[in-house]
Amino acid sequence: MGVNPLEAEELIRDEDSSDFEFIVYDSWKISGKTAENTFNKTHTFHFLLGSIQGEFPVPKPRSERPRKGPTTEEKKTMPDQLSEMEESHQEATEKEVERILGLLQTYFREDPDTPMSFFDFVVDPHSFPRTVENIFHVSFIIRDGFARIKLDQDRLPIIGK
């Protein structure tokens, strides 16, 4: 019964007899002597010597497969409408960037020394996709140098001239 020292302490507190304390102490002493005989020396790793001294296998050369060229069917998969749609989408993006630039210029004409909070300008609390589009459009304005993003004293982004 007394191999765990925490359990032994609880039992010692519960039992007032000194005989029980001697039994617990004696069992720990016996357990220690048994472990001492078992772990008296460090074992060597002689069983690993054979696997460490072995030769490493030579890697096999990789063979490249001939690549297939695109067939005529694969070339024709791009529809003509897509290029027209890309152009109209690009024009819509340009118009939206110009509209947002106009809003920024109006704001800076009215109060040129006060920067605008980036989050207040781009975040739409009712539409996540609209917020992403706003960030996308503002990135063009920043890239073209019409505005700059800085950090204020609270390390939050602001849009300034």
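In case you wondered, yes, glycine gets a Cβ from its N, Cα and C as well.
Just so you know, TrEMBL annotations are computer predictions that nobody has curated.
What TrEMBL records for this protein:
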type     : residues : note
COMPBIAS : 61-78    : compositional bias 'Basic and acidic residues'
COMPBIAS : 86-95    : compositional bias 'Basic and acidic residues'
DOMAIN   : 115-159  : domain 'Non-structural maintenance of chromosome element 4 C-terminal'
REGION   : 54-95    : region 'Disordered'
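For the domain 'Non-structural maintenance of chromosome element 4 C-terminal' (115-159), the model's pLDDT averages out at 88.
DSSP labels the residues of the compositional bias 'Basic and acidic residues' (86-95) in these numbers: 10 helix, 0 strand, 0 coil. Taken residue by residue, the domain 'Non-structural maintenance of chromosome element 4 C-terminal' (115-159) breaks down under DSSP into 21 helix, 9 strand, 15 coil.
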